Amino acid sequence: MTPLSLLLSSLLKHRECLQKAAAFCQVPPGLHHRSFSSCLWKQKSDAAQHGDVQQRCGHEIDPLALRYDFLVIASYNITKTNLIPLIPTNSVDPNTIFANNEMSLRDIEIYGFDYDYTLAFYSSHLHTLIFNIARDILITNHRYPEDLRKYEYIPDFAVRGLHYDVQKALLMKIDAFHYIQLGTVYRGLHPVRDEEVIAMYEGCHVPLEIMSDFYGKSSHGHTMKQFMDIFSLPEMTLLSCVNDFFMRHNIDYEPVHLYKDVKEAIRDVHVKGIMYRAVEADIGKYICYGEQSHAVLKKLSEHGKKMFLITNSPFDFVDRGMSYIVGKDWRDLFDVVIVQADKPSFFNDRRRPFRRVTDKGTLLWDRIHRLEKGQIYKQGNLYEFLRLTGWRGSKVLYFGDHIYSDLADLTLKHGWRTGAIIPELRKEIKIINTKQYVHMMAWLQALTGLIEQMQVHRDPASQAVVEEWIRERDAMRPQTKDIFNSQFGSLFRTYHNPTYFSRRLSRFADIYMSSISCLLNYNLQHTFFPRRTPLQHESPFWPEHTLAGLNVSSQLHGNKAESK
């Protein structure tokens, strides 16, 4: 990127002329004369030659105009020069629990958990396994080309929370206001040009009627599917790989059929038990951090807290995993265990009764009058669960990784407190703590502030400089994406807006964290307070660092007033 401060001292050979102008314009100490030379040139180069500049430094130039022109660009130089010392050096602890809504653990009597990616964390081998099995199902059961076996899982291709346009076969990231982030739209494994995206959608906005439904599904006329589950990462990658294969070989295909076939193949990996059997056969390869989950459950139990487990996974799979994480007596920690719950239907469908399951997986037919400790129950529904346990309202805290299936109904309809498990947080926080990211974002914010303040000056010279700053900002913004993921960027932000995923996270989760083990860092009397950030119409309530140079605008306003 070419800096605004260019070395143009050769155009101003007479040093005394430069010193005279700088002194008159009250150049701040430490600002190099070359910076001043540069600013004079940037503002006047189209209309002035070397001799003209010399005359301007004499009596013919309007002194206030000269001072004003200088300060416009001087603000850029001052800000950038003095920015680094003001950048805070304190880093974010990835083991922190972050609050969207004030909540005290003192009020929590009952703790509930999902199983997959909440109590059981999986290694990257699991996504490769799911991808490979589903790919082979496409070839074997759906007669897809044999050459698809050449495609392997790409671990860093997709991020959670992306939307997929089923009819156009496009994978993309959408922000909280339904705007597509240009540069993140992919057909197959390749990006789609911004101009093509704008033409297809008649802009960047995705209308509400074609967005995914409440649970992120593409149903009832919705053409967008949002992938919110961590298990969906291999599904997105497989969709992209098959699309890529068809395009590379100029094969005419129907995107809707492809989406449904991939969806069915991924479902079969779970429903037919293929994945479960593979994980059970080599549990140590796939489950990690088990001792941390065990420590959390033990801590809660020692403090007399009631605990329950509601998961969509089958009993044999959960039993094998929990025995590995906790031990054979893992059920002693839980007051209620529910498997194959079929969330989110579990939270809404009142018609399905609970059914008891024996240790050998046999389904019993007796009516359930109470939920007993040590027993295993299948299906059921939340309304019956509430009636049988009496566990209602804000004394219950439930943890899960799926924003919709695990948390949305609980917080909206039943008033439970909710905790989201976001494993991606750890990686993103590590990036946020790097000097590269901190410096990049500090300068991007400062530059944005300069543009915002200086754009009010409508003379051609000032506007030319502001346009130069805008181009520099536009060139920097893709870097803030690529540092997280070169295709889709951060899980939580587009360029500056929160992502659609972030919007849902902030609405449906009272607290969120990278893993359940973060609870070990807090006592059970702790209150989580959300950071109070000013609304757009509010002024900051707490002292903050003021970036050098941003107050130059007030000087400019004063100078303009003086010249009237």
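Just so it is clear, glycine is given a Cβ too, placed from its N, Cα and C backbone atoms.
Some features that TrEMBL has for this protein:
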- Asp114: active site, nucleophile (ACT_SITE)
- Asp116: active site, proton donor (ACT_SITE)
- Asp114, Asp401: Mg(2+) binding site (BINDING)
- Asp116: GMP binding site (BINDING)
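Feature map: TrEMBL annotations on the structure.
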residue : record                    : Cβ neighbours (10 Å)
Asp114  : active site, nucleophile  : 25
Asp116  : active site, proton donor : 22
Asp401  : Mg(2+) binding site       : 24
- Message: I need the CA-to-CA distance for Asp114 (active site, nucleophile) versus Asp401 (Mg(2+) binding site), whole Å please.
- Response: 8
- Whole-number Å distance between the CA of Asp116 (active site, proton donor) and the CA of Asp401 (Mg(2+) binding site)? 8
